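Take a look at the structure set out below.
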Amino acid sequence: MAERNSWSLSGALRGMFAKKTIDDETWDDLETALITGDFGIDVTDQIVGDLRTKVSRYNTTDPKDLQRMLRETLEERFSKLDPTLKLTERPAVVLVVGVNGVGKTTTIGKFAKFLGNYNRTVVVGAADTFRAAAVEQVATWAERAGAHIVRPQQEGQDPASVAFQTVEYAKRNNIEIAIIDTAGRLQTKGGLMDELTKIRRVIEKQAPVAEVLLVLDATTGQNGLLQAEAFIEHAGVTGLVLTKLDGSAKAGFVLAVQERTGIPIKLIGQGEGINDLTGFTPHVFVQNLIG
Amino acid sequence: MATFGNLSDRLADTFRNLRTKGKLSPADVDGTVREIRRALLDADVALDVVKDFTGKVRERALGDEVNKALNPAQQVVQIVNEELIAILGGEARRINFAKKAPTVIMLAGLQGAGKTTLAGKLAKWLAKDNHTPLLVAADLQRPNAVQQLQVVGGQAGVAVYAPEPGNGVGNPVKVAKDSIKWAIDKQYDVVIVDTAGRLGVDADMMKQAADIRKAVDPDEVLFVIDAMIGQDAVATAKAFQAGVDFTGVVLTKLDGDARGGAALSVASVTGRPIIFASTGESLDDFEPFYPDRMASRILDLGDILTLIEQAQGAFDEEEAKKVAEKFRTDSFTLEDFLGQMQQLRGAGSLKKMIGMLPGAGAMREQLDNFDEREIVRTEAIIQSMTKAERQNPKLLNGSRRVRIARGSGMTVTDVNQLVQRFEQAAKMMKTVARGGVPQIPGMGPIPGAGFAGRGKVQPKKKGSKSGNPAKRAVENAALASGEKLPGAAGAGSGGGSGFGLGSGSGAGADAGAAGGPSEKELESLQKFLRR
Ligand SMILES: Nc1nc2c(ncn2[C@@H]2O[C@H](COP(=O)(O)OP(=O)(O)OP(=O)(O)O)[C@@H](O)[C@H]2O)c(=O)[nH]1
Ligand SMILES: [Mg+2]
């Protein structure tokens, strides 16, 4: 990943924290920073209100105190859930879902590599049988990551059956982790969402699903919430993956997603390289955000 | 979900409150402007754009340019609508073709925005218009992007120039440059250059995009942006404007439920027109972007003009007039009904068309549950009838119905329901076609209908709308013949469950009780149609 700092809110916040005392402008700047960071108007109002109370309670006028309180508030809110992946089953089946183009397939490549680094054996199931060249794309990633791959036997094969065969393959070959790619789908498409439910059900005939990871693109705005709610309802999401954090988007919407849905962020993607994936650490995340 | 409904829903809510009040006071204006601000932010309109926008609306709403013909609520709607259109660009713009072929179109945008799919759609659309487009695979970055473009090109039936394998191998600037010579040699008249997704903050990649631009000297550079993008739309759009200086914008994934925000932000911040809208995964889900329609869509008036245009692709005017005449004279048969349905299917997704009707915002859930297979089943039933039966449903006695059910693989109940609903709708259409407002008693939901949508029963919603194609036929017929049929307009947005959506979701109940469109729906629609 290239050296960049544009992800942080610091640009928007710098002026504010450079001042001598907290005044009306400070609060305006804070509100602006949070809104432009995609936290959403509700969360922004909450945070600003919360900090106003704290500032008056501690009777401070120093923007440095406000900065610290902001960091604490965000860190506390981001730390409420447990971000660890649960991959203890054998095989541990991981289903990866999300809307079109958010980075599912890329994440799978990186994740397979990530697991390989811990000496786990991985098979990837190419269950996006819909999008042009999606199978080839995920196969390229599997190869780069040194993972096995299960492809559809014919074009346009039912994705659930590819998922089934992937899990079957993992069991037969004693592979520890099976990761299943799915086609991107907008959460408003009832039929396609039902298809996910079916994929899940079919997998469960073989083995319990260890994780259902919903991939969210950091550039998304408030629609991310609607995405999360729909995918949770139809696919039983257990963790969030936030991608494209190497760009200029701040992804503030994920706070509302975590809080409203109770589903934790588990992985962070920040680049197109195979190593650009990390676990989610609230402290680091907030540090990057606030600068 | 009220807090996170989309822009249409939020503004509709705001105006609903306003409509119930008599006069517009400064406090009302402030309250409304606050609501609009919230709604726009929830819809991901960039903060600066929101400030600008609400400032203008407020100023005008309090100003003295009062239109006495409108009530206060209508005035605010009008102001908001005009300001939205002003930002979105006023008029639809078309592609600028080169004087001397080939016309070169370069695509640029963030990763995952939908460039490759769009390249295919654009090519197919141009090919339909007797152009000979060439797709150029200059995304050599993303794994198997070249192959994806080749597959898409095959689906679109157009040529693809892909001299390099990609996956990090090959020089995209060279490929782009060479493609122009290739196009001239082989006489392709439009070149569409697909490029790798890149971040606005990635200086190297932005430079590469600028180099590609220099190499091909495009007539259009289209910035492709995902309709779901949040506040970052502004930073990204500015970066691409500075980096490659695009000439137009394409908004993708508009078939989802996040639609307003990015359009407003990008158009406002860059001053570049939005030219196309991408609305689905199939290569035909592509249309020119109409700023005024987008504005009315944001206002939840529905994209009725697009709807009409699309429907007319299948229903030519002649046909529409004939259908309206049949309604008027009570000679509309099951056979006509089947013919209509088949034509509608040819026009593309029925669901999408229904989605563009006014008020569709309030019925999104029912729409999602609507099963297009219903049409197939209806078709099966009608096709199992004899010609005589289709023309005169009165012939359908018990034994004939049993035969039809068996022939179509449906139950007798299914057949009964179809006939019943056909008769009700035909009656309603007659009223509408004669200029009346339909009053259909007992048009409640049809229990246990075999045409139900996907399983799940949705909570009732007020004022749900029928997706009845027959009703739209009348509407279109009226419009096509230049007639003003207030009832017809209303029928498009209200009425009973007819043949459409209602059965599975219990949605027909409210509409049935009301017996027709609400005054409000009629009013907004009529106003819209008269513009
Ligand atoms: N900069 C950046 N780009 C990313 C990241 N993750 C994915 N991408 C890019 O985003 C684009 C889409 O990624 P895919 O992995 O194909 O996304 P997908 O969700 O599988 O897409 P569909 O299967 O088409 O729905 C590609 O160009 C990826 O290289 C990331 O963390 N940072
Ligand atoms: Mg994919």
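Even glycines carry a Cβ here, placed using N, Cα and C.
These numbers come from a predicted model, not from an experiment.
According to TrEMBL, the protein has these features:
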DOMAIN    A:3-78  domain 'Signal recognition particle SRP54 helical bundle'
DOMAIN    A:90-267  domain 'AAA+ ATPase'
DOMAIN    A:91-291  domain 'SRP54-type proteins GTP-binding'
BINDING   A:98-105, A:181-185, A:243-246  GTP binding site
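In this structure, A:Lys104 are the binding-site residues from A:Gly98, A:Gly101, A:Lys104, A:Thr182 whose C-beta falls under 6 Å of some atom of ligand 2. Sorting each residue of the domain 'Signal recognition particle SRP54 helical bundle' (A:3-78) by its DSSP state yields 55 helix, 0 strand, 21 coil. When the binding-site residues A:Gly98, A:Gly101 are scored by other C-beta atoms within 10 Å, A:Gly98 scores highest. Sequence-distant neighbours of A:Arg185 (GTP binding site) (same chain, six or more apart, CB under 8 Å from its CB) are A:Val99, A:Asn100, A:Leu192, A:Met193, A:Glu195, A:Leu196, listed in sequence order. The Cβ neighbour count for A:Lys104 (GTP binding site), using a 10 Å radius and every protein chain shown, is 25. The binding-site residues listed here are A:Thr182, A:Leu245; among them, A:Thr182 has the most other Cβ atoms within 10 Å of its own Cβ. Contact with chain B, taken as any Cβ pair under 8 Å, is found for the binding-site residues A:Gly101 out of A:Gly98, A:Gly101, A:Lys104, A:Thr182, A:Leu245. Listed in sequence order, the binding-site residues among A:Gly101, A:Lys104, A:Thr182, A:Arg185 whose CB lies under 6 angstroms from an atom of ligand 1 come out as A:Gly101, A:Lys104.
In the predicted model, residues of the domain 'Signal recognition particle SRP54 helical bundle' (A:3-78) average a pLDDT of 86.
A:Thr182 (GTP binding site) falls within a strand segment according to DSSP.
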